[in-house]
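Down below is the structure, laid out as structure tokens.
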């Protein structure tokens, strides 16, 4: 495993932990898109079904279990434990406009037309757009709490580092996965405006705001 993938995994884990701690410590999920979190739970569920069929390494298995467990824990906190604080009035993105096209694309463009491979491909495509309900929610409210922006920053950093990981693997291992790379590029592009605002505002102590 190269340093970019390891750092990417740690950034991803940091994002998840930041979000969980934010919700648990404040006893509130205000400003968090439950729809994005449901999509991420769906991403991990469909991607890591190979837990039932293959063992790669203890690290690999542990990270998969952690991602799945944390994703469902987050959904539980939002929709059950702290349901009263969930801002459903602003979390109105139509997720079916993401899930249905992504599902169709996974059937049409994949590496191997088998159930596990189609579901893995679906998870890759879906992850690239799963953050859209969160960004849409921020645009509707016009601002985001600092801790939420930290979560989004580490989530975006994880994807950017994974792109570098794919480049590294192609250069040194000759490994090339067009599906993962294209989806990663799309996801990173979605974060570009946010990264700019994070650097120019949040890191300077200002509150992140987007045009409503």
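Placement of Cβ uses the backbone N, Cα and C atoms for every residue, glycine included.
Summarising the annotation, TrEMBL assigns transmembrane segment to 65-82 (among others).
For the transmembrane segment (94-113), the list of distant contacts is 35, 38-39, 42, 119, 121-122, 125-126, 129-130, 132-133, 179: same-chain residues at least six beyond its ends, Cβ to Cβ under 8 Å. If you look up TrEMBL, you'll see 94-113 (among others) marked as transmembrane segment.
According to TrEMBL, the feature transmembrane segment maps to 119-139 (among others).
A Cβ distance under 8 Å defines the sequence-distant neighbours of the transmembrane segment (151-172), meaning residues of its chain 6+ beyond its ends; these are 2, 4-5, 7-9, 11-12, 14-15, 18-19, 22, 131, 134, 144, 180-181, 184-185, 187-188, 191, 194-195, 198, 202. The feature transmembrane segment is assigned by TrEMBL to 151-172 (among others).
Summarising the annotation, TrEMBL assigns transmembrane segment to 178-199 (among others).
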Item to check | Contacting positions for the transmembrane segment (178-199) when only residues 6+ beyond its ends and CB under 8 Å are counted | outcome: 109-111, 121, 124-125, 127-129, 131-132, 135, 149, 152-153, 155-156, 159-160, 162-163, 166, 208-210
